[in-house]
Every structure is written in C-alpha cells, then in structure tokens.
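Encoded as structure tokens, the structure appears first; notes follow it.
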C-alpha cells in the first residue's frame with residue numbers, strides 16, 4: 001500500500017491523514033520531500049511510521065519560512081533539484097509508504113515543476129485531502145479535473161474539517177461531489193475534534209475502506 005497524499009489547499013489535514021495511513025501499515029517508509037516553516041510534519045510522519053527512518057531520508061529540503069518550496073528556497077538562496085526528489089523516493093524501495101506533498105497540486109517546487117509533476121514522476125495513486133466545508137466543491141472539482149487531465153489515479157478524496165466551526169455545507173458537499181464524480185471514492189467528512197486522540201480515531205475509521213482496498 002503506497003499513496004501520494006496531496007490537498008486542495010494548505011492546512012486541510014494532509015499530515016493527519018498521512019499519519020493515520022502510516023499507522024495502518026507494517027514498517028512503512030515516509031517521504032515529505034520538501035517542508036517549509038519547520039520540520040513538524042516530517043517529525044510527525046517519522047513517528048507514525050515507527051521512528052526507524054532517519055529524518056534526512058524523509059525530508060530532503062527543510063526550509064525555514066512557511067512558503068511554497070520554490071519561494072522559501074529562493075529566499076534562502078537555495079536551489080531545489082527535482083531529480084534529487086525523484087531519486088530520494090526511488091531509494092526508499094518497494095515497501096509500503098506515504099509521500100506527502102506541499103500544499104496543493106500547483107504549488108511550485110522549482111521554476112519548472114509543481115507538486116503535480118512530482119505525483120506524475122513517482123506514479124503513486126493519489127489521496128486528495130479536501131476541506132469539508134464551504135468552497136470545497138469548487139476546489140475539489142478543479143483538483144480532480146487536473147489529475148484526470150494527466151491520467152493520474154485517484155485512490156480517494158478525504159473530506160476533512162481541520163478547524164473548528166459550524167458549516168451547513170459540510171453535511172451537503174459529499175453528496176454533490178459524488179454526483180459530479182460518481183466513480184471516485186469519497187471518505188468522510190471527518191469532523192473537527194480538539195482532542196488529538198479522538199481526531200485520530202475518527203480518521204482511522206474514515207480511512208478503513210482505503211486501507212482495506214488493494215492498490
């Protein structure tokens with residue numbers, strides 16, 4: 001079981017979903033090729049994968065400012081080598097694992113490559129994490145159309161409420177998205193939960209169909 005976890009936006013719960021998937025695997029590897037604004041995501045992935053993997057093999061470019069990889073690297077006078085990212089993925093071998101992207105599909109990694117180009121290069125089925133609430137029909141539709149245009153396989157879309165608040169759209173969006181994309185698997189919505197252990201439990205329950213299905 002191997003997936004590329006991406007999102008319709010930043011802050012939608014990609015790392016939470018990635019960690020929940022890793023926790024369901026036997027000795028998985030994790031790969032967050034670029035991380036901006038600290039190493040919190042990479043460290044969370046490492047822990048979820050069993051803490052056996054050196055952080056340096058999980059994240060190849062650790063950048064200080066919370067910007068796109070390209071913007072953050074440019075401000076640090078660094079250059080991201082896209083081929084190094086692909087080689088880093090290939091070095092992890094054939095076992096189970098998760099690649100987690102930065103932000104959404106068209107977040108720039110280099111001047112010539114966006115996240116969607118990395119998905120195409122590593123050839124893994126996509127788990128698209130989307131906001132559960134208002135606005136997600138538009139963002140999810142655009143993301144799914146972009147993936148379909150490149151003939152990239154979508155394993156599932158996970159509707160995630162990553163922040164607190166009431167939103168009527170949360171109860172309606174999955175039905176509308178399933179109407180638009182009848183052959184796509186939608187999971188959730190996974191509602192916000194301030195208690196981290198309860199949130200993880202909700203995610204594991206929502207992701208069960210994905211974990212059980214052959215990929």
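The backbone N, Cα and C atoms fix where each Cβ goes, and this holds for glycine too.
A TrEMBL annotation is a machine prediction, not a hand-curated record.
When the candidates 56, 65, 76, 100 are compared with the Mg(2+) site entry in TrEMBL, which names 15, 41, the shared residue is 100. If you compare Cα positions, residue 161 (ATP binding site) sits closest to 15 out of the recorded positions 15, 32, 36. Looking at residue 32 (active site) and residue 100 (Mg(2+) binding site), their Cα atoms lie 5 Å from each other. Local packing around the Cβ, expressed as the count of other Cβ atoms within 10 angstroms, is greatest for 100 among the binding-site residues 41, 100. What surrounds the Mg(2+) site, by Cβ distance within 8 Å of the Cβ centroid and not counting 15, 41, 100, is the set 5, 14, 18, 19, 32, 35, 42, 44, 45 from the same chain.
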